[in-house]
Amino acid sequence: DLKSEMNKTRKLPLKKDARASDSSQEDAIDQWARRRKQFKDSKKCSSTGGSSINSTITEGSINSEDARSVDLGLYSENEDRGFYTENFHSASWVFRGDDVSPDNSPRCLSKRPRPVAIRERTVKIAKGTGNYPWGFRIQFSKPILVTEVDTNSAAEEAGLQVGDILIAVNGTDVTSMPHSEAANLARKGPDILTMIVGSDISRYPNTPKPTCRGYLHKRTQSAILKGWRKRWFVLKHNGYLHYYKHKKDEGKCRPLEVTKLEGAEIGVDTSLGKPFVFKCIPQAGNRIFYFCATSNQEMKRWLEAMDKAVHPIHQNHVWVDVTLHNTTLPPLAIKNPECLGLLHQLDRSKDVWIQHYCILKDGCLYFYATLRSTPAQGGLYLQGYIVSEQSLGSKRSVIELKPPSEEFKTFYLCAENVNENKRWITALKASINKWLPLHQAIQDFMSRPLEETRM
C-alpha cells in the first residue's frame, strides 16, 4: 500500500501545468520527500520483509548496462520473496518418502502402489515404424508404470515420462488390468495412441532445468565505449539470463540486465575473428549479444545450458504443484508437518535476522510472516542440502543449510534456543533424507522387474 502511494505521489513533481503556482509545486515536492522518508523508515523497522530467498525480478524492472538508471531507494524487499528452488532444478530428484531402510527399494522405483499426490494428463502418441512403433516400455505392476522412454521417439516427443502411471488406453480404464492386456489395447487401436497417464511425487523424477554460472566477456554495445567487458553471468532455471559486474554482486545487487532466452537464437559466431565467441539473439527486441568464453569446453557448457532455456519444458514436477498449493494455505492447514515453529533467517546482504513462522514438510521449508499469515512468503527446496550446527558471530548455535555446490546459496537459521535448534536440525535431516538423486535411486534398485513389455 505504501509503495502504491509512493507511485502516485511520485508523479506530482513531474506534472506540467503552466498555471500551477511555485508554492503548489514546492508543496508537492515536500510531500514526495516526506513519503520517501516514511518509506525508508518503514524498511528499517520491517520484521517481515527482506527475505533473501529466490529473486523474482519482473521484465519491467530490467535495466540495460549501457543505459541504466537504478533508484536503489525504491527497490522493494518484496522482490526477494519466493521459493529458492535452484538446487532442485539442477539435478533429477526422486521421492522415497519414509522408505529409508537400505533393505527397501526407493518408493519411486518400487512396485508398491503408494501414491502421494497424483496429477493426470492426456498423452497422444503418433504410431511410428518398426517393431516398437511408440518407443516406450511398461512393467508388470499395479498400477502399470512406464519404465523406459526411447530417445527421440514419438513417446518422448509427446511428453511421456519414466515413472508415469497408465490410467486409460484409448478410452479404456487399465488401472486394474494386466499390463499385457493394456499393451494389446494399444496395438489393436488406431494409429494415434491416446493415453491418460498420472504422475506422483513418489515415482516421477523431476526434469533438470538449465542453471549455469560463470564469468564471460560480453561485447559492449555502447556508442562511446566499445570492446569486451568481463561480467558474471547467471542462467536461472526459469530461462532468464542475469549478469552482474562481479561475482560478489549476485544476491546483493540488482543485475545489470536480465534477458529472456526462450525462443532466442543462439550459436557459435566467427564473424568477429575471435575464438570461443557465441551469440544470442533474443526473440524480443532487436539486439544481438556477443559472448566470449575462455575455452571451447566452457563455450560448449554455456551453449548446452542456453539451448535448454531456448526450448524449455513447460511442465512443473507434480511436487512443485503440491508446494505451490500449500503456500495458499494457512500454516496449520498443511497436513502432517514434520516440524513447525519460529525461526530467524539471516539476511546476509543487510546482516540482520528476520523472524518467520516456519513449516517443514517433505523437503520443503515454508516461510510465513506470522502464525496467522496467508499466503506463505516463500520457502526453500531442501533437496541435497547438508544440515549442521555452527557458531556465527555472536550466536553460538546456528543452523547452517549448505548446498552441495558453491554456486548455490547457503542459508543460516536460528531458533529461540539451543534445544529448539537441535529439534529443527533432526527434523531437517530426516526431511531431506526423503529425497534421492535419480542416479543413486537407480543404483539402489539394482534388479529390474522381471516382466516388461516394450511398445
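Backbone N, Cα and C atoms are what each Cβ position is placed from, and that goes for glycine too.
Annotations in TrEMBL come from automatic prediction, not curation.
Listed in TrEMBL:
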COMPBIAS  1-20  compositional bias 'Basic and acidic residues'
COMPBIAS  46-60  compositional bias 'Low complexity'
DOMAIN    122-197  domain 'PDZ'
DOMAIN    209-311  domain 'PH'
DOMAIN    336-433  domain 'PH'
REGION    1-60  region 'Disordered'
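Secondary structure by DSSP for the domain 'PDZ' (122-197): 15 helix, 27 strand, 34 coil. The DSSP breakdown of the domain 'PH' (209-311) into helical (H, G, I), extended (E, B) and coil residues amounts to 18 helix, 38 strand, 47 coil. Broken down with DSSP, the domain 'PH' (336-433) shows 15 helix, 47 strand, 36 coil.
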